[in-house]
Amino acid sequence: MHKLLQSINGPQDLKKLGVHELPNLAEEVRSYLMETVSKTGGHLASNLGCVELSIALHYCFNSPADKIIFDVGHQAYTHKILTGRRDTFPTQRRYRGISGFPKRSESEHDAFGAGHSSTSISAGLGMAVANGLNGDAHRVISVIGDGSLTGGMAFEALNQAGHLRKNLIVVLNDNEMSISRNVGALSSFISRKMTGGYYRSLKKEIEGLLTGIPAIGGNILHFAKKAENSLKGFLTPGTLFEALGFEYVGPINGHDLEAMVGILENVKQIEGPILVHVMTKKGKGYGPAEDMPDKFHGVSPFSLDGKPAPAPRAVAPSYTQVFGETMVKLAERDPKVVAITAAMPDGTGLTPFAKRYPERFFDVGIAEQHALTFAAGLATQGFAPVAAIYSTFAQRAYDQVFHDICLQKLPVVLCLDRGGLVGDDGPTHHGAFDLSYLRHLPELTVMAPKDENELQHMVYTAVGYGRPIALRYPRGAGFGVPMDREFKELPIGKGELLQDGTDLTLVAIGSTVHPALEAAALLKEQGISAAVVNARFVKPLDEELILSQAEKTGCIVTVEENALMGGFGSAVLELLADRGLSQVRVKRIGIPDRYIEQGSQAQLRADLGLDKEGIAATCAAFLKGRRADAPQLACVK
Ligand SMILES: Cc1ncc(C[n+]2csc(CCOP(=O)(O)OP(=O)(O)O)c2C)c(N)n1
Ligand SMILES: CC(=O)[C@@H](O)[C@H](O)COP(=O)(O)O
Ligand SMILES: [Mg+2]
């Protein structure tokens with residue numbers, strides 16, 4: 001099985017094969033991908049579409065001396081399999097396994113880490129400039145998808161690359177898909193849409209324009225007809241990239257290995273910035289993924305007959321689903337509600353909204369910065385824009401939150417999905433920092449629901465609030481709590497005391513509230529009486545509630561699935577310090593000052609003491625320690 005693949009322990013082995021053997025190798029890789037990813041889950045369709053391209057790149061270039069950079073890196077499974085990780089590939093995205101994305105610390109062949117999109121050309125240009133300064137003739141190849149090319153950063157890099165004219169090869173892997181179908185004028189321009197109907201109508205329009213020019217129009221049209229080929233050449237994707245100073249090669253068939261090898265061997269001889277436009281099929285070689293590349297972009301383990309494995313019986317709706325349903329209800333009530341996503345309609349749950357209110361739904365592509373300032377523009381005209389962005393990707397748009405939304409006090413609602421630990425995607429995707437990077441912005445309200453029922457009320461409250469407001473919620477299912485039939489407006493800055501206690505107060509935010517309640521039950525079995533507060537708001541804090549509990553129990557334990565640095569617990573510490581309550585003992589539970597690797601959400605929460613057992617153990621030790629170390633301390637009874 002996989003005879004050719006078994007012989008490849010690195011790119012040097014690949015080069016021993018004849019070009020004519022490469023298509024067989026591609027089939028073996030594809031079969032290995034299917035066999036493995038159907039068991040482990042992961043990014044399937046993008047990788048199936050990138051098999052031949054990855055083989056051709058490693059066949060023609062010499063990694064690691066030549067640098068091959070994958071944008072986002074979710075399509076780099078073949079690259080990993082060919083670069084010494086064939087046998088460890090089944091551990092990808094698993095706890096203590098290899099990463100699902102390129103990672104410099106994992107292999108010398110992973111030239112640049114990835115996970116967030118549109119970075120490959122900038123990184124590649126940096127390396128190309130370094131090569132120039134070092135007199136190093138090795139090549140740098142940035143592989144970027146058509147979706148990732150909608151990220152503004154990619155154009156910032158193209159702009160400079162065309163100016164510097166260093167030796168940089170950009171391979172555009174164009175499958176006309178982002179996660180969903182790719183969007184935007186650029187996508188239409190660079191993909192197939194420049195032939196057929198679009199081209200004909202464009203030509204007709206140009207003819208009409210030219211003949212309308214008095215006196216000379218006829219001659220120009222005559223000239224244009226005679227020069228139609230160059231007109232067609234003028235209008236093909238190359239125009240755009242050549243205008244940016246790139247030599248344009250393509251479009252070429254990204255599944256024809258012999259053709260690609262031939263072209264890449266020629267490209268190697270060309271100096272300066274080059275863009276090779278490769279057309280591929282997302283999901284290539286597996287019917288269901290070819291037919292539904294969006295559904296097979298990221299997959300859980302599935303049976304090879306094309307039916308996704310029966311998802312474990314959902315104990316509760318996902319936060320994402322509740323958000324999406326709430327948005328549809330709010331849009332029914334208020335024509336000013338509009339929804340914005342940055343290329344993640346399915347992931348953020350906005351697809352039902354898009355179907356129901358297409359005129360009020362905007363997928364801006366992978367353009368989070370633009371998404372937020374676009375929302376701010378809508379808000380100036382009386383609309384209630386809700387921007388749904390994964391927490392980690394919203395980090396891209398921090399300045400837009402400050403400069404365009406908060407400073408102008410514009411009523412934009414920022415709904416951050418994937419807040420907290422996301423699991424298999426690992427450190428590039430954990431929403432570990434939003435409570436920290438948002439709470440210090442003046443004019444911004446920041447909140448997190450304790451469960452899926454409170455989420456619907458928070459979205460409702462936020463949309464009606466009329467000022468900058470952000471809420472964050474985790475990846476995955478809620479707690480299976482009953483869903484209120486009517487929305488409730490939550491009083492801004494008010495938390496809730498869920499249960500009383502005398503020895504300490506657990507002050508939890510967001511998805512850590514239910515685990516805190518469960519921890520309190522465990523503590524009760526140990527004779528410890530813990531109060532539990534659902535803080536609801538990171539900003540403004542419910543100062544009255546927190547201060548009264550601090551006075552009452554003298555011992556505060558904060559819990560958050562966010563970085564401890566500058567997070568919710570820090571806000572509570574600041575409050576107590578500002579009020580001169582330094583005698584109150586505070587223990588903070590949250591994400592420590594390091595990056596958290598991949599693993600299941602449950603595993604990672606257990607590792608960090610964020611599950612009920614961990615919270616209870618920390619509280620008990622904290623209380624015991626206090627009793628032992630400092631009997632005079634307020635929280636010692
Ligand atoms: C900044 C950022 N925003 C959003 C994402 C989520 N995301 C991952 S892959 C992807 C689509 C990428 O499309 P493309 O580059 O065309 O790659 P393909 O999957 O088609 O191979 C998106 C939106 C991301 N990784 N980074
Ligand atoms: C590669 C990428 O950034 C996305 O595919 C991301 O992995 C999606 O995450 P979810 O699976 O949480 O939607
Ligand atoms: Mg694509």
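All residue numbers here begin at 1 and follow the chain in the order shown.
A Cβ is built for glycine as well, from the same backbone N, Cα and C atoms used for every other residue.
HIS74 is the residue from HIS74, HIS79, HIS403 that TrEMBL records in the thiamine diphosphate site together with GLY115, HIS116, SER117, GLY147, SER148, ASN175, TYR286, GLU368. On the backbone, the CA of ASP146 (Mg(2+) binding site) and the CA of HIS116 (thiamine diphosphate binding site) stand 14 Å apart. Fewest other C-beta atoms within 10 angstroms, among the binding-site residues ASP146, GLU368, are seen around ASP146. Largest Cα to Cα distance within the recorded thiamine diphosphate binders HIS74, GLY115, HIS116, SER117, GLY147, SER148, ASN175, TYR286, GLU368: about 32 Å as a whole number. In the structure shown, the C-beta of HIS74 has more C-beta neighbours within 10 angstroms than that of any other entry among the binding-site residues HIS74, HIS116.
Only HIS74, of the binding-site residues HIS74, HIS116, ASP146, ASN175, GLU368, place a Cβ under 6 Å from an atom of ligand 2. Filtering HIS74, HIS116, GLU368 by Cβ distance to ligand 3 (under 6 A) retains none of these binding-site residues. Taking all protein chains in view, 29 other C-beta atoms sit within 10 angstroms of the C-beta of GLY147 (thiamine diphosphate binding site).
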